[in-house]
Ligand code: NAP
């Protein structure tokens with residue numbers, strides 16, 4: 001469900017001061033919270049309950065009656081009751097004829113029932129006009145007034161007039177109604193509150209898997225190997241050295257994974273000669289979470305920067321530098337400056353700084369407040385061209401860092417190459433394929449396919 005959908009209804013102030021009575025079935029958490037809010041907004045409220053005894057929790061301005069009596073006092077009835085208890089409404093069908101029934105219910109699982117709760121309610125009480133609303137607002141947020149993140153209320157229903165009445169109430173409560181169309185949309189609206197960061201699941205699970213893999217990989221190479229062969233205890237590497245190895249590796253791999261689905265999609269389109277056939281589901285899903293992958297990558301890159309800044313104050317590093325200085329003094333010999341090494345070190349630092357700067361720029365432009373202010377072409381320029389430049393810079397940063405050891409046998413421990421060598425596989429693959437796709441013999445047909453041309457048109461005139 002797109003929260004930013006453009007069909008936010010225009011605010012139409014209700015000109016009459018007199019508010020219609022609203023009936024709420026159910027004096028549970030939500031019924032009471034909504035009752036409080038309605039009374040604050042000037043609506044007379046009547047509760048329909050199994051017990052007509054009022055309690056201190058129920059707003060004292062509200063009446064508590066039986067369901068049948070309460071229903072007769074209002075044109076709108078909000079059903080603040082779980083779906084499994086809806087059967088009690090069947091005997092009330094005659095009284096509810098022509099009334100607007102507002103279904104606010106949620107389920108415990110996505111697509112728990114074959115039909116939505118609102119459609120089920122419409123089947124049980126066929127003479128009523130059912131509107132779905134309020135299910136994305138929590139009782140706690142209504143009561144505490146902390147509605148910043150959930151001010152939008154999705155509304156759907158088959159009867160325009162009934163929907164309009166409910167949307168007027170939503171506005172009067174200081175919330176924003178979002179018309180989602182007919183009651184068919186209710187299923188999707190009911191599934192919405194059950195989704196838990198749907199786009200973040202893949203990036204986070206993937207990151208956890210990669211962290212576990214690279215942690216054990218580095219542990220074997222950097223801690224267990226020296227312990228076995230040199231009897232040296234480098235277990236303290238876990239705190240900073242290994243973490244600072246894993247962070248840039250993950251940042252680079254995840255950044256490359258942001259661009260890999262794009263090149264795979266291009267290959268598929270070239271192979272099929274059309275853009276009108278759907279991509280496989282896994283590729284569609286992967287493309288949808290590219291922003292989240294990029295943001296997780298940026299988080300790892302930022303951690304790498306912080307861990308790198310503390311290197312000079314590490315006790316191990318200070319010990320190594322001072323012991324080298326002492327050994328040079330004892331041998332009365334100074335190492336001449338190796339300009340090649342100085343060049344490599346400065347270049348790798350410069351590439352890292354520039355890569356990180358562009359990475360941050362990419363992250364900033366993905367924020368809704370920024371991306372809403374650039375046009376589509378500008379957004380694509382930043383995310384695609386600057387994105388690839390970032391990938392090139394970060395890949396080059398890693399290559400320059402360890403390039404000289406690639407072929408050195410001493411850098412392999414138990415035949416395992418350095419972890420950063422593994423991190424280069426996906427970025428290099430993406431960059432090579434992208435480079436190949438730039439060649440006019442591939443780029444021209446791809447551009448035509450993306451403009452709608454088909455090699456074997458399915459529907460020829
Ligand atoms: P609740 O605290 O359990 O209250 C439900 C109320 O339903 C009870 O207080 C009771 O009212 C009535 N009830 C229970 N069994 C019944 C039966 N067999 N027949 C008739 N009425 C019965 O639940 P709630 O948290 O208020 O949630 C109510 C509805 O709002 C649910 O469908 C839920 O999905 C939806 N919702 C809740 C929230 C939330 O934050 N709580 C948010 C969005 C949507 P009486 O004792 O007065 O009869």
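The backbone N, Cα and C atoms fix where each Cβ goes, and this holds for glycine too.
Automated prediction, rather than curation, is the source of TrEMBL annotations.
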Quiz item: So which range, 249-271, 318-340, gets flagged transmembrane segment in TrEMBL?
Solution: 249-271
Self-check item: Among 204-229, 292-313, 347-365, stretch most in contact with the transmembrane segment (249-271) (C-beta, under 8 angstroms)
Solution: 292-313
Quiz item: If you count Cβ pairs under 8 Å, which stretch among 292-313, 347-365, 419-442 touches the transmembrane segment (386-407) the most?
Solution: 347-365
Quiz item: Under an 8 Å Cβ to Cβ limit, what residues of the same chain, 6 or more beyond the ends of the transmembrane segment (347-365), are close to it?
Solution: 251, 255, 294-295, 297-298, 301-302, 305, 371, 374, 379, 382-383, 386-387, 389-390, 393-394, 396-397, 400-401
Quiz item: Restricting to the same chain and to residues at least six past its boundaries, which positions have a Cβ under 8 Å from a Cβ of the transmembrane segment (292-313)?
Solution: 199-200, 202-204, 206-207, 240, 243-244, 247-248, 250-255, 257-258, 356, 359-360, 362-363, 366, 387, 394
Practice problem: Report the DSSP secondary-structure composition of the domain 'Ferric oxidoreductase' (249-383) as helix, strand and coil residue counts. | Solution: 111 helix, 0 strand, 24 coil
Quiz item: Could you give the number of helix, strand and coil residues in the domain 'Pyrroline-5-carboxylate reductase catalytic N-terminal' (21-107) as assigned by DSSP?
Solution: 31 helix, 19 strand, 37 coil
Quiz item: What else in the chain is close to the transmembrane segment (419-442), if you only count residues 6 or more beyond its ends and a Cβ gap under 8 Å?
Solution: 214, 217-218, 221, 245-246, 248-249, 252-253, 255-257, 259-260, 263, 266-267, 270, 388, 391-392, 394-395, 398-399, 401-402, 406
Exercise. Average the pLDDT scores across the domain 'Pyrroline-5-carboxylate reductase catalytic N-terminal' (21-107) and report the rounded value.
Key: 94
